[in-house]
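S.K.: Before we start, here is the structure in question, set down as structure tokens.
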Amino acid sequence: MSMKNILCIGAGYVGGPTMAVIADRCPDIKVTVVDINERRIAAWNSDELPIYEPGLEEVVKRCRSRNLFYSTDIPKGIREADIIFVSVNTPTKTFGAGAGKAADLQYLEKTARSIVEHAENGKIVVEKSTLPVRTAQAMSRILHSNTKNLKFQILSNPEFLAEGTAIRDLENPDRVLIGGMETPEGEAAIEELVSVYARWVPRERIITTNLWSSELTKLVSNALLAQRVSSVNSISALCERTEANIDEVTGAAGKDSRIGPKFLKASIGFGGSCFKKDILNLVYLCGHYGLPEVADYWEQVIRMNEFQSRRFVGNMLAAMFNTVADKRIAIFGFAFKADTGDTRESPACSVCLQLLEEHARLNIHDPKALGNAKLDLEGATGEINYLEDPYEAAEGAHAIAVMTEWKSFRELDYRRIFDSMEKPAFLFDGRNILDHAALYEIGFNVYPIGKKALTHF
Ligand code: NAI
């Protein structure tokens, strides 16, 4: 195999962990990760990595300076690379045509243009970012606008890692998907990338398809996952009205092997940088291709998610005598899920903003996400305190709202917490992770999701 240098443009939540695992599993390949963000690159080169992922630090420390490098010298990286992964952000567009739905592809296009500018030979360019179906066509046009007569092969290799389990997912993926052109050159490029993954991923889990199927599969996978969350959450609302219990319902329904037990947990809703953005992208594409009914169908998944966090705050208000003004509320968890410091699109943020509008005073505690929480709530009006210690966060509070399924929340001394709170003490479990009967016994008024509330009055 001729390939020796891999470059990844974009050192974020995907580029960082993905390249660390490739470097770890392929010691003979030099992997360089570049970014325009100097601070981020400096952090990747330091003891304090820019993102938290279980197991990431160990992998990075093992490979850094051996065959894994972080740099801001993008031109040099491009010149030396045989394969270039593009892993830049593709957020929802906030301006102009398609604002609020379409993907903002400016970072991707800028990356393609810098590849054209600095490349001195042909390369394989891999779309790692999540993109609208048919982006590879635009990518190809830009790359082939070069006047150096260079030939590029474009592959789509979407990333399916989940934050919080990124390293585990990368080391042992359910599948790796690689799409390419259905030409001899396209197939050779696919094989070259397959041979990288095949060093640690069983061959039958490496799926190859045409470019468009691969691009679309990533959007569809996220849409199906988010749809499952919204479907369960919609039923949780009905459970609360009928005394059915959501865990009993999904437990029994999930026993059907066609449904399956995973990803059926009721909660305050999904968050993270991808689900909402990717569904909006899908909705936009369906509209663009003249399929408004399909667009409406998927848009409802997002509406249900927003409804769930509004409903949660509505339940808090109703339970707390229709006012939370001046009441201190302990927010347990701000990350969009456990085991990450990422707070992008976290439902906790939406709940906090709604509570601040109601003039509540917030004590926010999260084991990993307080820094990001501060940035997210910068400019929000009202009293917000950020506390490393959950006991301090709960002291003097009227209520606790559990927003993230951190394991540490299950291990707290809730008797001690209860004793330090205002009475009546309320606990709203937005993740259904605590022992509700035990909390009720201690004296809490407990409000789970999709289950009967346990109250003392
Ligand atoms: P991120 O925002 O953490 O990282 C993207 C990085 O690209 C930033 O550090 C940014 O400075 C850099 N960048 C932007 N333009 C650049 C340019 N012209 N040259 C060099 N660097 C540039 O984003 P994240 O979360 O890593 O996502 C990247 C892509 O992967 C997105 O398309 C996302 O949808 C997709 N994805 C994300 C997953 C996640 O869990 N975060 C999972 C699977 C896919």
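Keep in mind that glycine also has a Cβ here, set from the backbone N, Cα and C atoms.
According to TrEMBL, the protein carries these features:
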type	residues	note
BINDING	10-15, ASP35, ARG40, 88-92, 129-130, GLU163, 274-277, ARG344	NAD(+) binding site
BINDING	159-163, 218-222, ARG258, 265-271, 336-337, ARG431	substrate binding site
ACT_SITE	CYS274	active site, nucleophile
DOMAIN	330-436	domain 'UDP-glucose/GDP-mannose dehydrogenase C-terminal'
S.K.: According to DSSP, which kind of secondary structure is CYS274 (active site, nucleophile) found in, if we only use helix, strand and coil?
M.R.: coil
S.K.: 10 Å Cβ neighbour count around LYS276 (NAD(+) binding site)?
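M.R.: Result for LYS276 (NAD(+) binding site): 21 other Cβ atoms within 10 Å.
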S.K.: Reduced to three states, what secondary structure does DSSP give THR92 (NAD(+) binding site)?
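M.R.: Once the DSSP labels are grouped into three classes, THR92 (NAD(+) binding site) ends up as strand.
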S.K.: In this structure, which of the recorded positions ALA162, ALA266, CYS274 has the fewest other Cβ atoms within 10 Å of its Cβ?
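M.R.: Lowest Cβ count within 10 Å among the recorded positions (ALA162, ALA266, CYS274) is ALA162.
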S.K.: Within the domain 'UDP-glucose/GDP-mannose dehydrogenase C-terminal' (330-436), how many residues are helix, strand or coil going by DSSP?
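M.R.: Helix, strand, coil within the domain 'UDP-glucose/GDP-mannose dehydrogenase C-terminal' (330-436): 36 helix, 20 strand, 51 coil.
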S.K.: Within 10 Å of each Cβ, count the other Cβ atoms and name the one among the binding-site residues TYR13, PHE336 with the highest count.
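M.R.: Its Cβ has the most other Cβ atoms within 10 Å: PHE336.
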S.K.: What is the total of other Cβ atoms whose distance to the Cβ of GLU163 (NAD(+) binding site) is within 10 Å?
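M.R.: Its Cβ shell of radius 10 Å holds 24 other Cβ atoms.
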S.K.: May I ask which of the binding-site residues GLY10, ASN89, GLU163, LYS276 is closest to PHE336 (substrate binding site) if we compare their C-alpha atoms?
M.R.: GLU163
